[in-house]
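A.B. asks: Below are the features I grabbed from TrEMBL:
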- B:1-76: domain 'Lipoyl-binding' (DOMAIN)
- B:79-109: compositional bias 'Low complexity' (COMPBIAS)
- B:79-112: region 'Disordered' (REGION)
- B:118-155: domain 'Peripheral subunit-binding (PSBD)' (DOMAIN)
Amino acid sequence: MTDDDIRAAYLVALIDVAPDLSADGIGPDDHLQDDLDLDSMDVLNLVAALHKALGVDIPEADYPQIATLALAVPYLARRLAA
Amino acid sequence: MGVFTMPSLGADMEAGRLTEWLVAPGETVKRGDIVAVVETQKGAIEIEIFEEGTVERLMAEVGQSLPVGAPLALIRGAGEAAPEAPSEPAAPASAPAAAPDPARPGPASKAVPATGIAASPAAKALAAARGIDLGALTGTGPGRAIVLADVEAAGAKPADPRAEMRKAIAAAMAKSKREIPHYYLFHRIDLQAATDWLAATNAARPPEERLLMGALIARATALAAHASAGVNGHFIADGFRQAGSVHLGIAVALRGGGLIAPAIRDAHLLPLDAMMAALRDMVARARAGRLRSSELTDGTITLSSLGETGVEAMAGIIYPPQVALVAVGAPTPEPVAQGRQVSVRQTVTVSLAADHRASDGRIGAKFLAGIDRHLQHPEDL
């Protein structure tokens with residue numbers, strides 16, 4: 001899976017959680033909670049969606065590592081490669 | 001024979017627009033069935049019926065705006081025989097007198113219908129389709145009759161849902177501040193035990209089964225409210241009525257603005273996993289605009305969480321006719337003295353806004369202490 005595939009999967013999962021967002025409007029450094037207004041329930045739903053889509057089970061301690069697109073893509077790539 | 005009417009979905013609701021019928025004449029209904037969808041200031045709400053029987057006749061059409069109390073359908077009770085033809089008189093006569101009869105759509109083509117409003121057939125049809133009350137319009141046609149252009153002008157500005165919700169919040173909160181003598185209490189709770197227990201529990205679970213701190217706090221609040229006098233119930237004309245069950249209202253912030261507080265029924269009976277599932281379902285449906293009528297009216301106390309990255313505390317406003325609102329600040333690590341030692345522990349400030357007509361500060365303090373006690377033993381929640 002390429003970085004572009006991971007980026008696309010992350011955006012699909014994110015927009016499913018927050019349908020008012022648009023993929024074009026999400027910048028690489030936009031923070032889930034601070035910039036995109038996700039709450040703890042939204043973040044949990046995003047983690048569950050990524051688990052389903054990519055098979056990566058993100059532990060709670062790693063939630064900060066998916067807080068932005070720029071952080072999430074390399075993190076998920078590492079977890080997929082492991 | 002019972003008349004099913006437009007329900008009131010809160011102290012602030014005056015009318016709703018029927019957008020969908022989910023039953024047809026001849027179908028049987030039972031208590032709790034969802035029979036219609038009504039658009040209100042709080043979004044689309046699924047309307048439940050509280051009678052058993054057969055739908056004899058629908059008395060309102062999709063698109064109509066109807067005041068609270070207006071007849072929606074005629075329900076024949078389980079034991080009742082079908083009415084003889086010709087059927088009984090139209091039921092609007094049994095509607096509350098205060099409810100103005102809105103323009104009824106249909107084949108009627110008289111210029112002056114029974115409502116006394118002169119309007120052209122085209123104007124009536126468009127008004128019905130858009131849910132516009134003809135009685136609120138001023139006609140510019142012959143003899144001041146309402147013509148198509150008048151309805152078009154009235155319908156030119158479709159209601160902005162956010163502005164409508166803001167109006168609903170304003171009405172309810174202004175009523176609360178006018179009528180309820182609020183008092184406020186603040187209590188800092190050591191959340192370290194709950195935080196540690198939650199981290200250990202979630203580490204062993206896939207994301208789909210993880211819990212949020214919000215579920216622990218909701219559980220602790222429901223248990224404490226059930227055991228407390230004076231905070232769980234409704235204040236109505238003849239005074240405070242303690243509720244036997246805790247229907248826990250959860251303030252849900254809607255993306256893009258606005259707030260709605262649907263209730264989780266019998267929250268004091270829900271174990272932690274069931275509470276988490278109920279929260280997840282409630283938040284999803286609140287955001288999708290698919291709440292049920294009973295969820296908007298049954299709340300006996302409300303819980304408002306300000307978010308993990310929010311502020312420390314809030315002095316809340318009670319949602320009438322309830323008598324208490326619990327607000328939870330953002331959990332933060334704080335230095336805490338334990339004996340002569342100081343250690344850094346996760347803490348949260350929980351506040352209570354309560355109605356002084358129903359309780360005193362002493363009762364409110366015991367209630368907050370109860371929430372605290374439950375959170376010190378997360379394994380028992």
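Every residue, even glycine, has its Cβ placed from backbone N, Cα and C.
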A.B. asks: By DSSP assignment, list the helix, strand and coil residue numbers for the domain 'Peripheral subunit-binding (PSBD)' (B:118-155), in that order.
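C.D. replies: Once the DSSP states are binned, the domain 'Peripheral subunit-binding (PSBD)' (B:118-155) shows 23 helix, 2 strand, 13 coil.
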A.B. asks: Run through the domain 'Lipoyl-binding' (B:1-76) and tell me, per DSSP, how many residues are helix, strand and coil.
C.D. replies: 0 helix, 41 strand, 35 coil
A.B. asks: Calculate the per-residue pLDDT averaged over the domain 'Peripheral subunit-binding (PSBD)' (B:118-155) and state the result as an integer.
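C.D. replies: A mean pLDDT of 76 is what the predicted model shows over the domain 'Peripheral subunit-binding (PSBD)' (B:118-155).
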